Amino acid sequence: MIVLGVDPGSVHTGYGVVLCNGQKFSLVACGLIRLSSNQSIADRIKIIYDELGAIIAEYNPQRLALETAYVNRNPQSALKLGQVRGAIVALTMNKGLELHEYAPREVKYVLTGKGSAGKEQVSYMARHFLNIQEPIKPYDVTDALGIALCDLLCDAKGGSPRRGSGSRKSARGGWEDFVRTNPELIV
């Protein structure tokens with residue numbers, strides 16, 4: 001199973017491609033899509049869409065794991081993040097991938113056992129699971145790897161350990177169902 005984990009952002013979007021072979025995790029690829037805040041949000045969204053599309057074409061993941069939106073003090077930042085996430089959801093559906101979403105606290109809990117873990121702890125555990133000695137920077141990349149690992153670990157355990165439920169499909173199926181039933185609205 002190959003999972004593409006994405007830590008979305010309107011200026012920096014981290015990604016991590018992880019392969020799970022039985023109980024062994026391997027790093028396939030990871031990186032950061034760097035954008036300029038001087039670019040229009042529409043241009044940034046197109047770049048993110050195109051670059052993630054190229055990553056999907058190259059590595060052929062079966063699933064995309066995405067960090068859920070969080071409430072930000074700045075409404076404009078939250079709206080931009082929502083637009084980026086919407087483009088990633090549309091890309092995922094257009095490519096026929098499963099979409100799973102995880103809250104930051106859930107990723108931290110699954111990887112470290114503590115929902116309030118810091119970025120250093122998540123980075124350490126992501127490197128531990130992937131057997132990587134050297135640091136991976138920036139944290140957007142290790143967060144994306146953590147999201148992919150969280151998805152694979154939850155899948156191996158039959159669902160999120162905090163919720164005790166089955167797999168965490170996109171927004172309880174909301175976006176996935178909408179995109180499937182309204183393909184003509186997807187660009």
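First residue shown is number 1, and so on along the chain.
Cβ coordinates come from backbone N, Cα and C, glycine included.
Database features, via Swiss-Prot:
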type     : residues     : note
ACT_SITE : Asp7         : active site
ACT_SITE : Glu67        : active site
ACT_SITE : Asp140       : active site
BINDING  : Asp7, Asp140 : Mg(2+) 1 binding site
BINDING  : Glu67        : Mg(2+) 2 binding site
Taking the Cα atoms as reference points, how far is Glu67 (active site) from Asp7 (active site) in Å?
6
Give me the CA-CA distance between Asp7 (active site) and Asp140 (active site), in Å, as a whole number.
6
Using a 10 Å cut-off, grab the number of neighbouring Cβ atoms around the Cβ of Glu67 (active site), all chains included.
25
Using a 10 Å cut-off on Cβ-Cβ distances across all protein chains shown, tell me which of the active-site residues (Asp7, Asp140) has the largest neighbour count.
Asp7
DSSP on Asp140 (active site), three-state: which is it?
helix
